[in-house]
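For reference, the structure discussed in these notes is given below.
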Amino acid sequence: MVDLTEEKHKAFVYAVKNQYWYQMYIDDLPIWGVVGKEEDKKYYIYTHKKFDISYNGKQIVDVTLTPERKELLRVGAKIKFTYEVNWKMSSVKFEDRFDKYLDPNFFQHRIHWFSIFNSFMMVIFLVGLVSMILMRTLRKDYARYSKDEEADDMERDLGDEYGWKQIHGDVFRPASNVMLFSALIGAGYQLTSVVLCVITFAILGELYTERGSMLSTTIFVYAATSPINGYFGGSLYARMGGKQWIKQMLMSAFIVPALVCGTAFFINFIAIYYHASRAIPFGTMVAVTCICIFVILPLTLIGTIVGRNLDGQPDYPCRVNAVPRPIPEKKWFMEPAVIILLGGVLPFGSIFIEMYFIFTSFWAYKIYYVYGFMLLVFLILIIVTVCVTIVCTYFLLNAEDYRWQWTSFMSAASTSIYVYMYSFYYFFFKTKMYGLFQTAFYFGYMALFSGALGIICGTVGYFGTNLFVRKIYSNVKID
């Protein structure tokens, strides 16, 4: 029984007027219902809930909710809420009980298949284009540099030398802000491993059938893969001559958890203020903090120690000059800032349709289950990112600019900028969210998603570019 005071009356009228609906779970099966209905500018609330529950043996296989009995909302009324439960047998198997919630007409639409085919053709085109351009161009470069080697000193001094060979003494110079760079690279390797593992588990184990299983699996895999972060971040920091390895290890271990927890706690304060059910319990906050301190940190430390000892010695094909070479002036479109902004266009083009399906499953409460599509798109994204960053880096080096480490990372990571811009379009044209809490909730978690994707793409881009740079400089004779 609810006494409808003026304050409660306003709250119920507001909910009915704005077509509020609610979500509940019975044995992990989601059910939805509307608060009320508007008729002839009068607002009614449903006071009776009818639950039809189907079972097979001793297991629940289906739940249906039907709201009934409209009652007019007026100040001073006493509203009595009731419910009834009807049980009936069903032949649906327990493992098939989620089939009714899947939407194959949406997720397996022809557009989805076409986007995969389109992205796959983009990969073939890019790989072929990169291979053709770089092989032909590099062959000419090698021939020119070999000719220069045969010339005497006078001809070489009078010759017009230019290109990527001229910066061989600076190309392997440590990146600026080595500690942050190595921490981001280590975190990127870890996040890439997490994405691949979780998608594989989702394909094999159907994680969508249990509420919260996807998040729990992600947290477990992230904690378990912490040694990967420490190994790659710590070894890279050692190869670049870093000395404060403990500080680097702490930054590498906590850079992603700090961003996630900071954003989640900020949104949580807003949720508590609005008395929203999305508020994270204090116990969960403590548990996550304990995982970071007692699991992630020690495993990252182990990975850092192993990485520094096994792969921490510089093994560059060219020695680094003591004095940095001045970077010559170049055209505006060869500047690192321009290359960075343009580098994310093609990777975003290969995934933006899949982003629509992922956003819809998360914000429109559809159950995403086509993880085979997601794995294929993720692999396509990796290949496209590597191809694009290699081309961008070649142009940068040919302009005799040796600042390729951050440029390769950021040109690939700029994909996240376009994903975040797309989230603005989705918010204003595909959702009906409004108000401070919903806006902060949406854009806060979209910023986390875009940031994580940027770190992954940046790491993949740096990985491919690093192999490419080592390859081309190891094949040229250096005086």
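Backbone N, Cα and C define each Cβ position, glycine as well.
Going by TrEMBL, these are the annotated features:
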| type | residues | note |
| --- | --- | --- |
| TRANSMEM | 111-134 | transmembrane segment |
| TRANSMEM | 178-204 | transmembrane segment |
| TRANSMEM | 219-238 | transmembrane segment |
| TRANSMEM | 250-274 | transmembrane segment |
| TRANSMEM | 280-306 | transmembrane segment |
| TRANSMEM | 337-359 | transmembrane segment |
| TRANSMEM | 371-397 | transmembrane segment |
| TRANSMEM | 409-428 | transmembrane segment |
| TRANSMEM | 440-463 | transmembrane segment |
Inset, instruction - May I ask which of the stretches 250-274, 280-306, 337-359, 409-428, 440-463 has the most CB pairs under 8 A with the transmembrane segment (219-238)? - result: 280-306
Legend entry - Selected stretch (most C-beta pairs under 8 A with the transmembrane segment (440-463)) from 111-134, 178-204, 280-306, 337-359, 371-397: 178-204
Inset, instruction - Determine whether the transmembrane segment (337-359) and the transmembrane segment (250-274) share at least three Cβ pairs under 8 Å, counting only pairs 6 or more apart in sequence. - result: no
Legend entry - Same-chain residues near the transmembrane segment (178-204), Cβ under 8 Å, at least 6 residues beyond its ends: 214, 217-218, 221-222, 225-226, 228-234, 236-237, 240-242, 244, 247-248, 251-252, 255-256, 371-372, 374-375, 378, 405-406, 409, 452, 455-456, 458-460, 462
Legend entry - Same-chain residues at least 6 beyond the ends of the transmembrane segment (371-397) whose Cβ lies under 8 Å from its Cβ atoms: 107, 112, 116, 119-120, 122-123, 126-127, 129-130, 133-134, 137, 163-164, 167, 171, 195-196, 199-200, 202-203, 334, 336, 339, 342-343, 346-347, 350-351, 354, 357-358, 403-404, 407-408, 411-412, 415, 457, 460-465, 468-469
Legend entry - Residues from the same chain, set at least six apart from the ends of the transmembrane segment (250-274), whose C-beta lies under 8 A from its own: 179-180, 182-184, 186-187, 190-191, 226, 229-230, 233-234, 280, 285, 288-289, 292, 296-297, 300-301, 304, 436-437, 440-441, 444-445, 447-448, 451-452, 455
